[in-house]
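Working notes, structure below.
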Amino acid sequence: MEKNLPDIFFFPNCVNVFSYKYSQDEFSNMSKTERDSFSLAVFPVIKHRWHNAHVVKHKGIYKVSTEARGKKVSPPSLGKPAHINLTAKQYIYSEHTISFECYSFLKCITNTEINSFDEYILRGLLEAGNSLQIFSNSVGKRTDTIGVLGNKYPFSKIPLASLTPKAQREIFSAWISHRPVVLTGGTGVGKTSQVPKLLLWFNYLFGGFSTLDKITNFHERPVILSLPRIALVRLHSNTILKSLGFKVLDGSPISLRYGSIPEELINKQPKKYGIVFSTHKLSLTKLFSYGTLIIDEVHEHDQIGDIIIAVARKHHTKIDSMFLMTATLEDDRERLKVFLPNPAFIHIPGDTLFKISEVFIHNKINPSSRMAYIEEEKRNLVTAIQMYTPPDGSSGIVFVASVAQCHEYKSYLEKRLPYDMYIIHGKVLDIDEILEKVYSSPNVSIIISTPYLESSVTIRNVTHIYDMGKVFVPAPFGGSQEFISKSMRDQRKGRVGRVNPGTYVYFYDLSYMKSIQRIDSEFLHNYILYANKFNLTLPEDLFIIPTNLDILWRTKEYIDSFDISTETWNKLLSNYYMKMIEYAKLYVLSPILAEELDNFERTGELTSIVREAILSLNLRIKILNFKHKDDDTYIHFCKILFGVYNGTNATIYYHRPLTGYMNMISDTIFVPVDNN
């Protein structure tokens, strides 16, 4: 469907687009093209104003029940009006008088082509649209946006590139075409903060109709923005809630979905046309109940995110529109061209608002000498922070590979630098409190972080990035540190230059960068289980295909050996984390055990019942050797004796030396097997 967005339906960015009510005199002075723009108002008016409305007679004049109170009456016969009263907004016949809006209400019936609308219908649609506050203009003021979506406060002023008229037209044309859309944008253009809001607006106006060429029945469904982490769900939903003029969730178009969500973050009066911010896992549970699907952070290749893309592509007729948003297409453009059916690529150009200077600090040690490389890196980092120091009251972010390195580098820096030091990563619970300290401190703050800060939280006062160029890539029963990809570098660099000029200091040779194929270092059971649930053909229906297909087929055989029906697996997928696939054998035993095991997965509380149940699975690990690490830690070199990765080597830390065997309770809890 080729449709251009008329100017009168732009979302009010409160910079050069404002909410506006048009007068009948203005309509009279418009060109035919401008007048015809109002024909599209029939769709939001039918949904939000005329749904369940009827004709009444009010003070002798026929009106719509949404205009005035009155007794329900049979509609009058309509021919060409004898007279038009622009001031009273009424059509006058010899026997009766009818409001502009009521005339349009009676004329706009199912299957009517919108290009057949005459001036009389368009004038009524103008009045109905004014009542809904759906129109916009290049003149106005912020306060005119109060009430547009039921909001008590005005929309935020947004000068970002994604809400310019040009970008709005391009995004609308892609959305209404029903083609899959891949959207990229420069740093700070508002991909995540504004594009979902724009798609919410389009959904409010036109969502649910199969065509915008004629009047049809509609099936209203919300938009969903699917995100890889709870922190992102909370951050972006709050940003958009406030920018739309709301202070509370209830009754707003914003809803949140993630596991163990607190009561106060549940919208008890959601809008059918609204937008749901959800973690990937919960998005999958009701994927086809949404009209527009937005998948963010595609470049991260979160496992469930990649599965959503595969499912949406397989069942694209069940979704009206799909948007994939990514920081960069460096690694994925060619695959997306082949994988998606006739995709549209949209790039919103934009650079950081302020200049970013780059500084390279050379490490003279080869990375193959891991410990020596890291020691040299830490020395270089101290020198770099001394030479390139954030101003007082500002902050710098040090990107390291892992949580353990956060603590290692913080301890090292604290002994050598006089600045405030903080750690932020995905497992830190009091991030808001830490940021309050960072923002209120008159001193320099240095934040040591994992890749979590690439996108999860925006630090307002950051001026410097110190990038070690590493990421920890988890693997079954282990993992490894790898150099980052270009997309990760771009994300890290883009943390500065938004509010002030920034400096990006990097400590790695650019030739070390490489694409990271995460699927080759993941447990693959989710791909099997969701493929069964959504009838995907493996491996060709997967967005990213594993390099070693033998592991995929071994995983399938292992899952089949559990002797659990597809229907039961689907229930387990919808209700439980199953951080270890073997837990499925316990979830099906009894509701009481399932409840306690679920609580363990969510909170870490290990009851004796759950402990004994997991031990009964005999998830055994053989200890090959050990060595002393420090006062209370021993490194054990082991071999996995169960599951798909039977025979895989693993390294496990324990507070005393062990021999023989241990049983696995979770990825962090191990129980020695009694040798007696």
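Just so you know, glycine gets a Cβ as well, placed from its N, Cα and C.
Taken verbatim from Swiss-Prot:
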type: BINDING; residues: Gly185, Gly186, Thr187, Gly188, Val189, Gly190, Lys191, Thr192; note: ATP binding site
type: DOMAIN; residues: 172-347; note: domain 'Helicase ATP-binding'
type: DOMAIN; residues: 366-535; note: domain 'Helicase C-terminal'
type: MOTIF; residues: 296-299; note: motif 'DEXH box'
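Here the features listed in Swiss-Prot are placed on the structure.
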residue: Gly185; record: ATP binding site; Cβ contacts under 8 Å, 6 or more apart: Ala161, Ser162, Lys191, His347, Ile348, Pro349, Gly350
residue: Val189; record: ATP binding site; Cβ contacts under 8 Å, 6 or more apart: Leu160, Ala161, Ser162, Ile348, Pro349, Gly350
residue: Gly190; record: ATP binding site; Cβ contacts under 8 Å, 6 or more apart: Ile158, Leu160, Ala161, Ser162, Leu163, Ile348
residue: Thr192; record: ATP binding site; Cβ contacts under 8 Å, 6 or more apart: His236, Asp296, Met325
Fewest-neighbour residue among binding-site residues, criterion Cβ within 10 Å, set Gly186, Gly188 = Gly186
Six or more residues out from either end of the motif 'DEXH box' (296-299), which same-chain residues have a Cβ under 8 Å from its Cβ atoms?
-> 182, 191-192, 225-228, 232, 236, 305, 309, 324-328, 330-332, 455, 487, 491
What is the Cβ neighbour count of Lys191 (ATP binding site) at a 10 Å cut-off, with all protein chains included?
-> 25
DSSP says what for the motif 'DEXH box' (296-299): how many helix, strand, coil residues?
-> 2 helix, 0 strand, 2 coil
Mean per-residue pLDDT in the motif 'DEXH box' (296-299) works out to 85
For Lys191 (ATP binding site), what is the secondary structure by DSSP, using just helix, strand and coil?
-> helix
Gly185 (ATP binding site) in three-state DSSP notation | strand
